[in-house]
Amino acid sequence: MSTNPKPTFRRILLKLSGEALMGDEGFGIDPKVLDRMAQEVKELVELGIQVGVVIGGGNLFRGEGLAKAGMNRVVGDHMGMLATVMNGLAMRDALHRAYVNARLMSAIPLKGVCDDYNWAEAISLLKSGRVVIFAAGTGNPFCTTDSAACLRGIEIEAEVVLKGTKVDGVYSDDPMKNPDAVKYDELSYSEILEKELKVMDLAAFTMARDHDMPILVFNMNKPGALRRVIMGEEEGTLIRAKKVI
């Protein structure tokens, strides 16, 4: 087990699913989970890590069901984007209560609620030690929050996209359904495609691959896992270009 005293990454993009904020509830935001996540992000800031955050909106709104019932997909996606803003507001508030400087930037202008997304300003804020939360996805329908995470990660020149999920990495099969599923420690982009492993949607994954953006999948519900990932300890599954030997 590595005991590297220095963080492996300097600037990260943390992607959290909206569902991660629910805790054991079936809907909404569990305040205890929110506060724990804010404390874990605070630990990173205290280590000198520059942190960008993208949060999904699935705990507050799911457009698929309404789309099947006849709602226009664009309308549903706009509602989903607003759900991510609500989660972003909650996270910003939790960080402020933990005495962490944080700014919320939305891809959709919401005057008086949060800042408009501005790439140059986001970089400046990160460099000054502020956590920047990116809300409203990419601002476009038909784009997932995973796509937004990869896009923002590439834009801010993050060294890695950390995808916090409910399982502790990428498995050969669904570990919830198959007890014999094998966990991978490291995979290449091509292995993910060959094995048809579900990490994120293809558009997001292809964007990360084309820009050589590593993705690290880990369990955000596991206390201390985020810090262990940052410190380069054996946690989660790292996906990157295959190293030339």
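The backbone N, Cα and C atoms fix where each Cβ goes, glycine too.
Copied from Swiss-Prot, the annotated features are:
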BINDING   K15, L16, S17, G18, G58, R62, T165, Y171, D174  ATP binding site
REGION    23-28  region 'Involved in allosteric activation by GTP'
BINDING   G57, D77, T138, G139, N140, P141, F142, C143, T144, T145  UMP binding site
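Annotated pair T138 (UMP binding site) and D174 (ATP binding site), C-alpha to C-alpha distance, rounded: 29 Å.
Cβ neighbour count for D174 (ATP binding site) (all protein chains, 10 Å cutoff from its Cβ): 10. Taken through DSSP, the region 'Involved in allosteric activation by GTP' (23-28) splits into 0 helix, 0 strand, 6 coil. Listed in sequence order, the binding-site residues near S17 (ATP binding site) (C-alpha within 10 Å of its C-alpha) are G57, out of G57, F142, T144.
A Cα-Cα distance of 14 Å separates T165 (ATP binding site) from G57 (UMP binding site). Ranked by how many other Cβ atoms sit within 10 Å of their Cβ, the binding-site residues T138, N140, T165 place N140 at the bottom.
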